[in-house]
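Among the features that Swiss-Prot reports, domain 'Fibronectin type-III 1' is placed at 323-410, with the record citing sequence analysis. Annotation comment: Swiss-Prot describes 411-504 as domain 'Fibronectin type-III 2'. Per Swiss-Prot, the feature domain 'Fibronectin type-III 3' maps to 505-583; the stated evidence is sequence analysis. As annotated by Swiss-Prot, domain 'Fibronectin type-III 4' applies to 585-665. Positions annotated as repeat 'Kelch 1' by Swiss-Prot: 59-100. The repeat 'Kelch 2' annotation in Swiss-Prot covers 101-145. If you look up Swiss-Prot, you'll see 146-199 marked as repeat 'Kelch 3'. Taken from Swiss-Prot, the feature repeat 'Kelch 4' covers 201-248. According to Swiss-Prot, the repeat 'Kelch 5' annotation covers 250-297. According to Swiss-Prot, the feature repeat 'Kelch 6' maps to 299-342. Here Swiss-Prot flags 1-28 as signal peptide, drawing on sequence analysis.
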Amino acid sequence: MKYGNMKKWAPLILFLFSLLLLQGISLHASSPSFSVNASYLASLPYANSHVAVVYYQGSLYIIGGDSHSNQVWIYSNGTWNIGPSLPFSLVSPSAIVYNNTIYVMGGYNSTGINPYVLKLNGNSWVVVSEMPLPAYSPYIFVYNNAIYVIGGENTTSPAGLYFPPSNAIRLFYPNNDSWRIIGYMPVPTYGGGYVFNGTSLIIVSGYIGYSAYTNDILIYSPQNNNWTILNGVLPYWIHDSALAYYRGVLFIVGGYIYTAGSGGVNNAILAYYNGNLQRVGYLPVPVYSAGYVQVGNMLYLAGGIGSSLSDVSALQLITFNFPPLPPKITSYSAGNESVTLGWNPVRLSSGYEIIYWNNMGFNSSINVGNVTSYTVTGLKDGITYYFEVLAYNSIGYSSPSSIIALTPASVPNPPQLVSVKYGNDNVTLNWLPPTFSGGYLLLGYYVIVKNENSMVSSHFVNSTSLTISNLTPNVTYNVFIYAVNKLGNSSPLVLTVVPITKASVFAFITKLGNGILVNWTTSFPANITLELYNPNGNLISQIAAIKGNSSYLFRVPQGNYTLVIIASNSAGVSKYVYQVVYYLPPASPQVSLIGFGNNLYISWNNEANVITYLVYVNNSLVYEGPSNSIVTNISNGTYLVKVIGVNPAGSSSPGIAVIHYTGDYVTVVKMKVVNVTIVSKIASAVSGNGNNLSLGQSIVIILLAVMILLSIAIITRNRSNGFDW
């Protein structure tokens, strides 16, 4: 289905309404030095119009259009290939290349105006966003990492075409697929030719609504969101033309023209420059509503609507031929009776000419051909010559380059840098003598040191090496080295130095369960060596030649250590010493109690990382030491026992046990043990954690067994004597 038929006839319909409003304007101008060539490059796979065209990865992409509206064709090296199809049909879309991919916006189809933003992802299209205030054929360009989408037609209804098109200035941000409306056009236009020249959007003519067109040129500056209107530039109204901008000249190609009393498809190529408009060429196939894209000094037109108001299949190429831009001399040196010049290559140039002269009435020129360096010979030593380079092609000559003044055998060539070595707040420079001494013996070298535009120091040396001291680290200095002979100084060898100093180390030490983690940074680049010593001063680990900021984990047991960090660079060696107390807080001990014969036997398990234990009985300290059992005297009463493990990292939570004791060493029948049963409880207490019995615990068990036997004997005797139990 051809959705574009409405658009083909819209210009003619609107033209009939606008004839009474048109006023003629006549412009006359002389042509600058350029020419325009237009050629029929190839045929599209089929006739089409209202397509979008981009230049992507060295190929032309023809997107959508009035025919086969979801198809994409790729033209490369004279061959057509089918590209990735659009997910839906699009007539009059706009497309742009950004960040090495293609974005397609706007357009319409049988369902209405397309609001979706398509992005080429590999070999398929994906929808990444929706356009606010959707429109087709908007003006689209990239500036400052945003895609500007301006104006466009906002209706597909033939009746609605009478009203003004969209005037919104929309910004799309590809980094997060978001939109923002930042303003509005002073004159809403649709179908005007447009081009973005890198700093400004230029729109020529276009439909403004109410059956009216404009013959103005609108210029939009995205830098400040401002518009400039050049009123009445065109002698007629023109719709759906193609635009290009090159070397300060605006080219208007094709389009549908409305003049006083008539209209038709334009075959002219117009140039607007210096406030003047002039026809400079003709299209092989007159068209309007063609897709187009500018690539350098070339403009490609794909398809369009021809003179019979039907689609055409022409792919046309318009080439804008200008004289080259002036070259820039990039290198120069004086030799013995000679001067060597080098310059940058200039696009569109077919050759170069050197013009040179002196102040004694001599002048000459040399056509050196298509090269970018040349040695002029036959000069006289001691005489100053002036040189400039021009580029040329079939259109004409460029402006001359900047003038370079050189005197053969007058002063030396500049020295040649060998090395720069940074020390502690100093820098040592080494260089070679110049390749040409100027024809005289070298007297020495001037070395000038500047900080921005301020003189820091100056030196005159007879050697090819110099150490510059008392420099401030991290400050940029410019150093100029001149070779000197009796006629003067060479041009300088210029270099930039940023002095350094010995690196400071900033360390962060973290105590982990599996070792000591050391993180560090340095104030200047340096090689790092880590050394870890035990309390006896013995080196137990060394990690050498670590470059850059990093970290390292020492897997060592808990204890006291000395960490040494050594930072070395060309400025010297820095050493930093850290005392590391590597302990983790201990766990709470498990306490066992036995009361027997006015003695309280207290024991506990050994906890890892404990250096000493504190034992409290009824909040009185009765023991401090490394043992895991003690014996203390008690009398009748209740006893609260706390055992606390201690190391340099801190104290554990207390292990707590309670016993209520009655009786004495002889009479134990009234003894009551709280939390600890007699033999079986003791056995479980000493063996439940899987540890071997200590000597103290073994003695306690033996004594307890004896006392149990003694108690049984006493009980038996008392019962036989009639005592109460």
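The backbone N, Cα and C atoms fix where each Cβ goes, glycine too.
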Same chain only, please: residues at least 6 beyond the ends of the repeat 'Kelch 6' (299-342) with a C-beta under 8 Å from a C-beta of the stretch. Say none if there are none.
4, 8-9, 12, 33-49, 51, 53, 55, 60, 62, 65-67, 75, 240, 242, 244, 246-247, 249, 251, 253-254, 256, 264-265, 269, 281, 283-293, 348-349, 352, 354, 356, 372-381, 385, 387, 389-402, 404, 406-411, 413, 435-436, 438-439
What are the helix, strand and coil residue counts for the domain 'Fibronectin type-III 1' (323-410) according to DSSP?
0 helix, 45 strand, 43 coil
Residue distribution over DSSP helix, strand and coil in the repeat 'Kelch 1' (59-100):
0 helix, 22 strand, 20 coil
Looking only at the repeat 'Kelch 3' (146-199), how are its residues distributed among DSSP helix, strand and coil?
3 helix, 24 strand, 27 coil
Per DSSP, how many helix, strand and coil residues does the repeat 'Kelch 4' (201-248) have?
0 helix, 27 strand, 21 coil
If I take every residue in the domain 'Fibronectin type-III 3' (505-583) and average their pLDDT values, what number comes out?
89
From the DSSP assignment alone, can you count helix, strand and coil residues within the domain 'Fibronectin type-III 3' (505-583)?
0 helix, 59 strand, 20 coil
Number of helical, extended and coil residues in the domain 'Fibronectin type-III 4' (585-665), per DSSP:
0 helix, 49 strand, 32 coil
Using DSSP, tally how many residues of the domain 'Fibronectin type-III 2' (411-504) sit in helix, strand and coil.
0 helix, 53 strand, 41 coil
